[in-house]
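Copied over from TrEMBL:
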type     : residues      : note
SIGNAL   : 1-27          : signal peptide
DISULFID : Cys64-Cys362  : disulfide bond
DISULFID : Cys252-Cys265 : disulfide bond
DISULFID : Cys388-Cys396 : disulfide bond
Amino acid sequence: MPSMGRNRSAQWLQTWFLLVFPRTCSTALLYSTYQFDPLEHLGGVAPYFESQDPPASPSAPQGCTPVRTAYLSRHAAIYANDYDYEEYIEPFISKLENLTSIDWSKVPTLNFLSSWTAPITEAEQELLTRVGRVEAAQLGATLSFRYPNLRLPTHVWTSSAERTYKSAQSLVRGLETDDDGIRVVSIYESEKAGANSLTPYKSCPAYSPSAGSDQQSVYLEKFTAPIIARLNVLAPEFNFTSNDVYGMMELCGYESVIRGSSPFCDLDLFSSDDWLGWEYTADIQYHYNVGYGNAVSGFVGLPWLNATASLLLGEKSDEDMYVSFTHRELPPMVVVAMGLFNDSASHILPFLGNLAVERLDCKGTYGYDDGDYYRVLVNSAPQPLPDCADGPGTSCSRSGFERYIQDRVGMFQGFSEKCGVDYDNSTDVLSIYTDLDLAYARFPAVTLTGYGVDLLLQKGITLN
Ligand SMILES: *[C@@H]1O[C@H](CO)[C@@H](O)[C@H](O)[C@H]1NC(C)=O
Ligand SMILES: *[C@@H]1O[C@H](CO)[C@@H](O)[C@H](O)[C@H]1NC(C)=O
Ligand SMILES: *[C@@H]1O[C@H](CO)[C@@H](O)[C@H](O)[C@H]1NC(C)=O
Ligand SMILES: *[C@@H]1O[C@H](CO)[C@@H](O)[C@H](O)[C@H]1NC(C)=O
Ligand SMILES: *[C@@H]1O[C@H](CO)[C@@H](O)[C@H](O)[C@H]1NC(C)=O
C-alpha cells in the first residue's frame, strides 16, 4: 500500500493483527498462561520493578490526601557491584577468553557465546548505567504525579558515592519542571559517623559486609550441581563451576541494564527452577546480612525510621517531600526496624528499590475520624504496619503511629552500644534532615574535586 501514510499503514497493520490474532487472552483457557521473567527473580541485580505485592493501589485511600512524605531509595542500576564482578563475573569472562579452543557455535543453548562480548570493563564497575539514570529520573516524575499538591523539595539527600549521588541528580532532573534549584546534599560515607549518615552500617563495627556468605554458599552448591552437570555435558572443556553459573545468571541482570537485553536470561539456558534457586541463594545471603537474620539490622535501620517519623509527625517541616539515596544495605535494615516482611527480603531490593512513609490528611472517609493518618509504601505497594492498621486502607492513625514508633524505638534504640563502636564521638540519632549546616561542615575538604562541588559553591566556597 505505497499510497498510505506511515500512520495509516500502522493503523491498518494493527487492525489486521487484531483480526488475525483476536485478543490472546481469550484463548487463555485453552493454553497454559504460565509466564516467568527471570528479571523479577534476581534480588539485588534486578532492574527496577514493582512487584505490587499485595496488589493494593498506591493511590491514597478515598478522602485522604498526602501532605508530607519521605522516601529512602537504593541507587539506580549500575554496571556491576565490585564484589559480584570480582567474585563471579570477571573469573567467568576471563575463563571464556582463555579457552579459545571451544567452538561455542556448535553448543546448544550456549551458541551465542561464539560472538558474545563482555558488557562490563573493570573501569565501569560501580558506575550508574544509562538505564539507571533514566529510571531514577522516572522515579522523580512518578513522585510529581503521585504528589501533585506537595511543594517540590529544596534538598535531596544522598550518601556520597558516585552511584548514589548521580541517582539523586537524575531524580532531581525528573522532578523539577525547570531549573528549580533543588540542591543535592552529599552525606559523607564515614566510618565514624555513628547513626548520623545514610550509610550507618559503615560506622557499625558489629556489621560485617560478608555476613551470610557461608550460609549462601551451602545453597549455591546445591542448586548449581544439576546445572553444572548439564552444562558440562554440553561443553566439557569449560569445566563449569558454581561460581561460573552464579555469574552467568547475574549477567542476565547486569547485561540487561547495560544493553537492554541479555542472552543469559533465556529460559532454554536456565529454567524457572534454576532462577528460583538463584533467588533463594541471594535471599539467604540478604537474610543473614541485612535482614532479620542479623542481630544488628534493626538497630542500624531504626535511626532513619525514628528521624523520619519525627519529620512526618511534626507540626511544621522544612520539606513536604524528603528523598534520600543510599546503598542496598539500608532499606532492608529499615524494613526490619519497621517489622515488615518478617521473612525474607527478595522483592524489596531491585536497583532503585525504595520505601516511603506518607502522612495523609483524611476528611469524610466513611467510618473513620477526620485527621492525620500514616502509611508505608514499598516499591509503590502499600504495606500494612504490624499492629498499626486502624485507618483507611493500610493506614494507621496518628496516635497508633506514635505508639508503634515508640514500640520500635524500645526494641532497637542503642545503635552505638549494639554496634560496639570503637570511636568516642558516636551518636545514636540521625539529624541530617534538620541540621543542614552539620551536613555541609562534615563534608571533608579532601574531596573538593568530587561531588561536593555544588555544595561548597552554595556555601560561598570557591574552587581555584
Ligand atoms: C586466563 O589466562 C590468564 C593469563 O594466562 C591468567 O592470568 C588467568 O588466571 C586465566 N584465567 C582463568 C580464569 O583461568
Ligand atoms: C567523629 O569524628 C570523625 C573524625 O573527626 C568525623 O568524621 C565523624 O563525623 C564524627 N562523628 C560524629 C557522629 O560526629
Ligand atoms: C574443574 O574445576 C574444579 C573446581 O575449580 C577443579 O577442582 C578441577 O580440577 C577442574 N577439572 C578439570 C578437568 O579441569
Ligand atoms: C519477627 O516475627 C517474630 C515472630 O512473630 C517476632 O517474634 C519478632 O519479634 C519479629 N521481629 C521483628 C524485628 O519485628
Ligand atoms: C528519635 O527522635 C526523637 C525526636 O527527633 C529524638 O529526640 C530521639 O533522640 C530519637 N531517638 C532515637 C533512638 O533515634
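The backbone N, Cα and C atoms fix where each Cβ goes, glycine too.
Cα separation, Cys388 (disulfide bond) to Cys362 (disulfide bond), rounded: 17 Å. A straight line from the CA of Cys64 (disulfide bond) to the CA of Cys396 (disulfide bond) spans 12 Å. For Cys265 (disulfide bond), applying a Cβ distance below 8 Å and a minimum sequence separation of six or more within one chain yields Pro38, Leu39, Cys252, Ser256.
On a Cα basis, Cys362 (disulfide bond) lies 11 Å away from Cys396 (disulfide bond). All protein chains shown were included, and the count of other CB atoms within 10 Å of the CB of Cys388 (disulfide bond) stands at 23. Listed in sequence order, the residues of the same chain lying 6 or more apart from Cys362 (disulfide bond) and placing their CB within less than 8 Å of its CB are Pro61, Gly63, Cys64, Thr65, Tyr368, Asp370, Gly371, Asp372, Tyr373, Gly391, Pro392, Ser395.
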